[in-house]
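J.: The domain 'Major facilitator superfamily (MFS) profile' annotation in TrEMBL covers 209-465. If you look up TrEMBL, you'll see 443-465 marked as region 'Disordered'. What TrEMBL records for 12-33, 39-60, 72-92, 98-120, 160-182, 209-232, 244-262, 274-292, 298-320, 332-354, 360-379 is transmembrane segment.
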Amino acid sequence: MYRIPGTFMFSLAGFVARFPMSFVGLATVLLLTQTHESYTAAGLVNAAAIIGFASFAPFLARLVEQFGQSTIMRPSIVISVLSNLALIYFALHVAPVWLLAIFAAVGGAASGSIGAMVRSRWSHTLHDPEQLQTAFALESALDEVVFIFGPIIATTVSVHLFPAAGLLLVTIFSLFGGMWFFSLKSTQPKPTGRSKGGSNGTSPMRAPALWAIGAAFIGSGTLFGALDVAIVEFTRLLGHPGSAGLQLGIMAAGSLLGALVYGARKWSWPLWKLYVTGMALLSLGTTMFIFASTQVVMGILMFITGIVVAPTITNAYSLVERIVPKTRLTEGLTWMNTFMNLGVALGTSLGGMLIDRYGYRGGLALAALASWAMFWVALSTSSLIRNAVNKGAAKATLRGTLKARLGRRRNKSSWTTDQQHVTPSGDVKWALTPSELEEEAGVVIPGEDVRRVPTGRMEQPENNG
């Protein structure tokens, strides 16, 4: 995949730009627990940042798809960096929590979903589903590299240098990595522009299957948010507060191994079944954390459980990619990150309160409960997801077959072929009957309103309005 021009550079730049995602929450917790001496305050400020991201990220993604990644995100990154610097300054001066929450929320809102934009570039570059799933697995592996080293670096500099050092590193990586990534314009998806109706097509979240996947993402986010703060308290009680990052890094190392093994082979099971199975294994592993009483036992359990993390998230992203239209993929992936971050906000804030009251096992119990809720959602909605994937695959097959059949005619007319219906203004209607679609493409698209033209060309639909 890296042989394709530009792919290595945007993947590397995206890796640097999203490096802070692995420790921005942990760095905030480490800063606030030292300046305000409260896990509740740390959890609330961290939750404000995540809620800011979750509230604004889908809108930001829509702007990105309409006007381009670099046009929207470069000024947005600057706003995020300035807000984080203000958060650092006022935290060190022990400002009220509500003021810190405002700066955290603005910084989170302006940060954007870098991971979704990286995956959107891969989807724009690759057209083979198997290659694309491998690319997504590769990006998940890079995510895990980030999660191995990010927490270790954050805890080391925050504990041994000064409390704000971890959050300061977040601003540095965000600024330089983000500006580098968004300067690479040759591989970014082409902006779609603003439609006449003022919106860029139908929202991908009108698909019920995406809400089902999103609900599972909320559960997984709650798991990881609660786990982050619980591990900080777990290692503190054992007398090694600086090893919190190491424990989280061990889990990420297991996830990296899982991503490499998963992406290196083809699986006979359908994607939805791999997704549900991964959720079940993740729930079992998370539950075992409650029974760990030493760092060695916790490290072993986190490594084993981590093996299923990246493959499961890869499967979830791949399901979204197969359901969402290509022109709305960044927004669709960003919605999933939004749901994940809403869960993280819930996990860190509620987990912090439970830890203040019941100790680290209160946070671990929340993580276990969230994991089983996530599995239940995935299992109970599996048929809905399966049907949505099959429908998306059928439409993709149809689109590819008809494009190949039209061939050179596309370059000789003003018709477009990227949507389901065709008019000279951009709305596309294929000139085939449903039975002929089945014959041509080997798929059935129920309810499509299409007609046949003797020449095989596309016919403009009548104006009934």
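Any Cβ shown, glycine's included, is placed from N, Cα and C.
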J.: Which one of these stretches, 39-60, 209-232, 244-262, has the most C-beta pairs shorter than 8 Å to the transmembrane segment (360-379)?
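T.: Per the Cβ count, the answer is 209-232.
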J.: Looking only at the domain 'Major facilitator superfamily (MFS) profile' (209-465), what is the mean pLDDT?
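T.: When the pLDDT values over the domain 'Major facilitator superfamily (MFS) profile' (209-465) are averaged, the result is 73.
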J.: Taking 3+ C-beta pairs under 8 angstroms (sequence gap of 6 or more) as contact, is the transmembrane segment (72-92) in contact with the transmembrane segment (160-182)?
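T.: These two segments touch.
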J.: Please report, as numbers and ranges, the same-chain residues at least 6 past the borders of the transmembrane segment (209-232) whose CB is under 8 Å from any CB of it.
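T.: Hits for the transmembrane segment (209-232): 25-26, 29-30, 33, 39, 42-43, 50, 241, 244, 247-248, 279, 282, 286, 289, 298, 313, 316, 319-320, 323-324, 332, 335-352, 354-355, 360-364, 366-367, 370-371, 373-375, 377-378, 381, 384-385, 387-389.
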J.: Between the stretches 12-33, 98-120, 244-262, which wins on the count of C-beta pairs under 8 angstroms to the transmembrane segment (39-60)?
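T.: Highest pair count goes to 98-120.
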J.: So if I exclude everything within five residues of the ends of the transmembrane segment (98-120), which remaining residues of that chain have a CB under 8 angstroms from its CBs? That is, six or more out.
T.: 10-11, 14, 17-18, 21, 28, 32, 44-46, 48-57, 60-61, 64, 69, 73, 76-77, 79-81, 83-84, 86-87, 90-91, 135-136, 139, 143, 174, 178, 181, 188-189, 317, 321, 329-330, 333-334, 336-338, 341
J.: Give me the stretch from 12-33, 160-182, 274-292, 332-354 with the greatest number of Cβ pairs under 8 Å to the transmembrane segment (244-262).
T.: 12-33
J.: Which bits of the chain, at least 6 residues beyond where the transmembrane segment (274-292) starts or stops, bring a Cβ under 8 A of a Cβ in it?
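T.: Same-chain contacts beyond the ends: 216, 220, 223, 227, 230, 267, 298, 301-302, 304-305, 308-309, 311-312, 315-316, 319, 361, 364-365, 367-368, 371-372, 374-375, 378-379, 382, 385.
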